[in-house]
Amino acid sequence: MGDPVPDAPVLAARGLVREFRGFRAVDGVNLDIAEGSVHALVGPNGAGKTTLFNLLTGFLKPTAGSVRLGPHELAGRSPERIARLGLARSFQITSLFGELTPRQHVELALAGRTGLGWRFWRSDKALGRFADRADELLGEVGLAGHGDVPAGALAYGRKRALELALALALEPKVLLLDEPTAGMGAEDVDRTVELVRRVKAGRTVVLVEHNMSVVSSLADRVTVLQQGRVLAEGPYDRIRDDRRVITAYLGDSHAAR
Amino acid sequence: MILSRLAGRPAPLAVGLAAALVLPWFVYPPVALDIACWALFAAAVDLLLGFTGLLSFGHAAFWGGAAYGSGLIAVHSGLPFPVAILGGAALAAALAVPIGYLSVRLRGIYFAMVTLAFAQMVYFVANQWRDVTGGENGLQGIPRELFGLDLSDPFFFYYAGLPFVLAGFLVAWRIVRSPFGRVLVSIRDNPARARALGYSVERYKLLAFVLSAALSGLAGGLFALGHGFASLQEVYWTTSGQAVMMVVLGGIGTLWGGAVGAALVVELNDYLATAGFQETGIITGAIFIVVVLLFRRGVWGTARALLARRGAPRPEQREPAPSEAGRSAETVQAEG
């Protein structure tokens, strides 16, 4: 841990543990996310991916261990503080403010760091100063022209795209995407992969994903989790052929093939 | 800027203002003042319930605390009544800081129960601290005057107090249509998402709680001065409940609905009491149940939805993608 690393990771977890009533959902995980990379977290259901995600973003407090984002220790901090430090996340379950329009969503995300949100004596038209940037971000995720409908009325794929726009609006150092293609049909999956490929340029992305073809087309590195531990880590091609990984996913018969 | 936006919806606003101005000509003036005070109180509760998603069951602490506070200022200082009212509102806001700090972390029924418990503590203090509050006799003989002008006549005091009620409504309206109000709505709809955008949910809730308490205090102080006394009833838990009931009757999250609910409940209570009917609770309770079962958006909320449906394009036509079933219900809700 004290070793001098030539290329220090932008996000690093050390010995991360989370217990739920004696059950260790995450059990001593070390994780290094290199700057500018797309890093996928994969593993069978119940492997601890989402718990790990919630530990990184502060929605759960770790039982033990540390999370560092650049010079900042994140473990034990509140989700809003972590978001302001530059770790933005999307949600697996589409998680929006039903009454607001997509533009209003993105305006709120952009206003988060300005303190404008406290001005209860000002007109909400003041948020309009972010409208141009909001439209730009909506365009970036393919929602141009959908800025004014209630977000609750958007089709599922578009809600997910709005999720991404919200995370991008925070201009994060690291972008965490929780199953960006969950529940999508093939067409929406392709569109989302294309979208993530476009927005990953110059950004660091951590991705929880079930769909292996999505992982293969996006990820530079893959960490495989099983029962709360890191089973394997490396570039996608090496992970794909790793016997332990095949066993974990498909059972012994496939590994013996 | 405020005025130009208010002017954008002239019809309901003009009707509301006209109703407020002529009210004491049509109803018994003390009842008119009650309606005005309860209307503001209900709007303050709606600020939390409808726009922040917090059901407070302890707002009697702020209404009643300010009633005693304003009364004490008026009795002991002899200052003009606006000073007493604003002093009471400030007291309510100050009281809300520790109560809010300890309760906004809790959700749903736990928040309601903890605010209720704090309000009961305020009731206990008001009951026991006889030297100051008058205990069960209440605080009596509160003067109402402005620069030597005696405003004891309820008819005149109504017009003296009305600007404060209208100012309170203007403040509440401004809050829900400010950047802060936008953040509150997002916290109400999805606190985890608001957190992930970097908003400190608890602090926002706390400020909303304090602002709501200040407006409740403004209403409570005016109520006490208008009647010339503050009683234990003002800090009793049924007062908290009545304010919540008015909001639900009028329509949660509508702000003006609270005023409609207040007018209904106060006028009905007065009508039944003058008719010699003792158990007014049975009637108001029955009406409450009917409204909740038949018009879930309340009287005002339902009326507004009907008006909007007549004027606006049908919600189904607003989003071209036809892929989601059950979407229209969601859309209607988003408008409500």
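Glycine too: its Cβ is placed from the backbone N, Cα and C atoms.
Note that TrEMBL annotation is computational and uncurated.
According to TrEMBL, the transmembrane segment annotation covers B:6-28 (among others).
When Cβ-Cβ distances below 8 Å are used as the criterion, the transmembrane segment (B:35-61) is approached by residues 20, 23, 27, 92, 95, 99, 104, 108, 111-120, 122-123, 158, 161-162, 165, 168-169, 172, 175-176, 181, 184-185, 187-189, 204-205, 208-209, 211-213, 215-216, 218-220, 222-223, 226, 234-244, 246-247, 250, 252-259, 261-263, 265-267 of the same chain, each at least six residues removed from its ends. The feature transmembrane segment is assigned by TrEMBL to B:35-61 (among others).
Annotation source TrEMBL lists transmembrane segment at B:81-102 (among others).
The transmembrane segment annotation in TrEMBL covers B:109-126 (among others). Sequence-distant contacts of the transmembrane segment (B:109-126) (same chain, at least 6 residues past either end, Cβ-Cβ under 8 Å): 54-61, 64-65, 68, 95, 99, 102-103, 133, 232, 235-237, 240.
Panel annotation: around the transmembrane segment (B:156-176), residues 2, 6, 17, 20-21, 23-24, 29, 32-33, 36-37, 39-40, 43-44, 46-47, 51, 81-82, 85, 144, 146, 184, 211, 215, 218-219, 222, 225-226, 255, 259 of the same chain, lying at least six beyond its termini, place a Cβ under 8 Å from a Cβ of the stretch. Summarising the annotation, TrEMBL assigns transmembrane segment to B:156-176 (among others).
The feature transmembrane segment is assigned by TrEMBL to B:206-230 (among others). Nonlocal intrachain contacts for the transmembrane segment (B:206-230), taken as residues 6+ away from its ends with a CB within less than 8 angstroms of a stretch CB, comprise 30, 33-34, 36-41, 43-45, 47-48, 51-52, 54, 56, 59, 62-71, 74, 81, 84-93, 95-97, 99-101, 103-104, 133, 138-144, 152, 154, 157-158, 161, 164-165, 168, 171-172, 175, 180, 184, 243.
Here TrEMBL flags B:242-268 (among others) as transmembrane segment.
Under 8 Å from some Cβ of the transmembrane segment (B:280-299) lie the Cβ atoms of residues 245, 247-252, 254, 257, 260-261, 264-265, 268-269, 272-273, 305, 336, all in the same chain and six or more residues away from its ends. TrEMBL lists B:280-299 (among others) with the feature transmembrane segment.
What TrEMBL records for B:311-336 is region 'Disordered'.
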